[in-house]
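Taken straight from TrEMBL:
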type    : residues                : note
BINDING : 133, 173, 175, 176, 299 : Mg(2+) binding site
């Protein structure tokens, strides 16, 4: 019997129970829907799109994975470079002139290597900005997949390290030393990939297609190449571009003495390797690398990263650090060294900086 004499009708009880059931159903169904949505977001459907490998939540990329793909890209590009040269199907043509008036060559090796390298890197890291020497033709797009494998030497020496995708710029040189390539001077030819984070070069890969040698290094990580341990500061060996040897020789001899050795060579990648302990019989050895005119950043970024990782330096002739953001050119020339007093070198060569803008 209800208190205070209140009587509950059967109809009222039924309505009350139905309202209660409705509230419980609403709450429980919402919980189930939330759990289902969480499950669907956490587990991609079979055959459906997955988060791109190399991209972590929040738009981050793993530099160790990016190093592995960069090495693979340089090798794959090198395969195209070698195939075209050995088949003698260069289809060389002029693509313009340098600031000094020299004719720049473009070959099938440049274009095919560029396509292979660009699409491999873009497929693995779609959120990362990629700058290449050659134009990418979207009508000639190629699907080049990465199997997500990381070579054992990289696994052993490099720890995973994530950085924001928007801070990363990749620089590709699909065929360094094109002029020498057309002249069949194969020892100078390289393919290169560089990764810069906030404008600073942190990963460098230099691959020699005709000997299958690859040098790689990561700043604050590790490398598979070492610096040369010996040099003669009184009679340094200075490596320069073939076309600039005359500009450098006179000033260098006045600075270091008549015993200074000038080594004319092709390709920025080759010149950086000359400063390192590279097990290549046809690789010349040098103590300093000097370039006295304007140069593109894809030519020098990979070498800069390798030198930084090994404790060396690459700066403008005025001693300024080179930023790998913004424009694709470096106006201030460059001087590179390792295991030497870099600041003293710059102070010894003040006159060269004046020629770098000509």
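A Cβ is built for glycine as well, from the same backbone N, Cα and C atoms used for every other residue.
No curator has checked TrEMBL annotations; they are predicted automatically.
Local packing around the binding-site residues 173, 176 was summarised as the count of other Cβ atoms within 10 Å of each Cβ; on this measure the leading residue is 173. Taking the centre of the Cβ atoms of 133, 173, 175, 176, 299 as the Mg(2+) site, the nearby residues of that chain (Cβ within 8 Å, site residues left out) are 172, 174, 177, 178, 190, 191, 192, 267, 268, 269, 296, 298. Taking the Cβ of residue 133 (Mg(2+) binding site) as centre and 10 Å as the limit, one finds 21 other Cβ atoms among all the protein chains shown.
Cβ-based neighbour count (10 Å, all protein chains) for residue 175 (Mg(2+) binding site) stands at 31. Neighbour count (other Cβ atoms within 10 Å of the Cβ, all protein chains): 25 for residue 299 (Mg(2+) binding site).
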